[in-house]
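Here's what TrEMBL has on this protein:
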- 594-603: compositional bias 'Polar residues' (COMPBIAS)
- 22-572: domain 'Major facilitator superfamily (MFS) profile' (DOMAIN)
- 576-603: region 'Disordered' (REGION)
- 67-86: transmembrane segment (TRANSMEM)
- 98-118: transmembrane segment (TRANSMEM)
- 162-188: transmembrane segment (TRANSMEM)
- 211-230: transmembrane segment (TRANSMEM)
- 414-432: transmembrane segment (TRANSMEM)
- 438-459: transmembrane segment (TRANSMEM)
- 471-494: transmembrane segment (TRANSMEM)
- 506-527: transmembrane segment (TRANSMEM)
- 548-567: transmembrane segment (TRANSMEM)
Amino acid sequence: MAQDDLLNDLDVAKTQWYHFTAIIIAGMGLFTDAYDLFSIANVTKLLGRIYFTEEGSKNPGSLPPKVSMAINGVTLCGTVAGQIFFGWLSDKLGRKKVYGMTLGLMVIASLGSGLSFADNPKGVISVLCFFRFWLGFGIGGDYPISATLMAEYANKKTRGAFLAAVFAMQGFGILVGGVVSIIVSTAFDHAYKAPPYNVDAKASLPPQADYVWRIILMFGAVPAAITLYWRMKMPETARFTVLVNNDIKQATIDMSKVLQVKLEANEQPESSERVLQDELKADKQPKSTGRVLQVELKADEQPKSSEIELQVGLKADEQPKSTERMLQVELKADEKPKSSRRSSSSNFGLFSSEFARRHGIHFLGTCATWFLLDITYYYSNLFQKDIYTAVGWLPQPAEMNAIHEVYRVARAQVLIALCGTVPGYWFTVALIDILGRFFIQLMGFFFMTVFMFALAIPYDHWKNDNKAGFLAIYAFTFFFANFGPNTTTFIISVEIFPTRLRSTCHGLSAAAGKTGAIVGTFGFLYASQDTDPKKTDTGYPTGIGMKNTLIMLGVINFVGMLFTFLVPETMGKSLEEISRENEEEEGGGGDQPAATSRTTNPV
């Protein structure tokens, strides 16, 4: 089977049961990612009460600024490192070989997070941060591998919807994180009755509260452990096997096991050399023209017709020295031999001028848009509890006991997830292969900008007179983040780069995003503090206030909209066409074969 035939069969394959299986297997990684990243927001207030409450204080304890940044930031730092490392490793060793590593690491680190024991608060937080870093490392690795694996399995017609469905599992991860927090906190709150802090400070924190946050964090190991076995059973993607390992036969065998397409293993060329020779013994007759003695693949000659021409001849004036016959086979224009497709000009590296020429602008676009998006998205997610308190939707901490506060924070998270986060993801799944990636991303950034300004400009009105209106608009920002750039940055970054660099480039783009998340987590944690020193959280200096913070986030979203113009539309095209994988270097010498017909519309 010719290489182009195999890739084309994958591109036009009908949607099959294995596609949905791959969505679930890959998506459960993103589910676990979101659960682990965002469930910490439900328990940070509880950690502050348990380990940092000062006896006699009018208010319950809260995490000091450096501790809060460490707990939230160390996971993101691990994520950045994991995205870069596993993205690179996946392009070197293959998707299958490293796919189970990331999930196994998440299982171990999730359990370790809940088992962070020590004899003093500093020790507990240190152990927790250690495991949270390695949890982030595994989470980071899951991003590029899950995206790359799903993109390379999918057909080109529904690839966007499949990738969006994988990423949409994040929404369920956030939702389940809130639901688990509600169930655990409700169970403990009913089992161990406690008064509010302002009634009895000591009794408001029952000793059993220490189990609450541990159970919530450890539950993240459950979906990862369930999925681990099925990940290990997944075959390598055909695109990696063909385009990187140059093994069409193995790719055919692997894909025949999972996809119902007409892949014939026995139609394989046995090597990628330009001249294939097979000597037929004098006492044997060839059974068909498929058994050849010498096949010359003339890459520098175009055939006269689209049919394969067989020219069989013996010179009239001389007798052959043996019964060998000479067969000259001229391939169709769209069946170039592998070596012509994989010429030196197509083997450019990430830091080469050829990569910069072909993909430099797109790479800048994917990194910049993901970076800007995550400043807004992660600040809004990780510090929802502070925003809810600022607008008065949550009671003051002193009016609740420690466990009930977990319940109230988690309930708010679930409501936002149900009203904005989850629907936004699935609107993208339904419409991305109709509206296109570019339009959805541009639209998402636009409406995120509008709604941020709508929250910021009349902020005092929302805070004092219309808290429900504030939460409704706040939910819309999450809706258009997920029916917008939060999903499309994940998808576009895996579609536009060549196979041998696909996972690396997606990992680097995602790492740029998590760098933005670190900026949002660290920078805006301080910036959002009130301008009145009496109203800041304990240990924090004054900031610019929530109103000005929302204005800055709106400006960042607007800049993200402008950078969207650097990324291409990829809807309905094969990965090879989008990435120009088969295109030869412009201005190449006469020896270089022309680009194949699969790259007639390069991005």
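Each residue, glycine too, has its Cβ placed from N, Cα and C.
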Per Cβ pairs under 8 Å, the stretch of 67-86, 162-188, 211-230, 548-567 packing most closely against the transmembrane segment (438-459): 548-567
Spatial neighbours of the transmembrane segment (548-567) far in sequence, C-beta under 8 Å, 6+ residues away: 361-362, 364-366, 368-369, 372-373, 375-376, 379-380, 437-438, 441-442, 445-446, 448-449, 452-453, 455-457, 459, 485, 492, 496, 524, 527-528
Integer mean pLDDT for the domain 'Major facilitator superfamily (MFS) profile' (22-572): 82
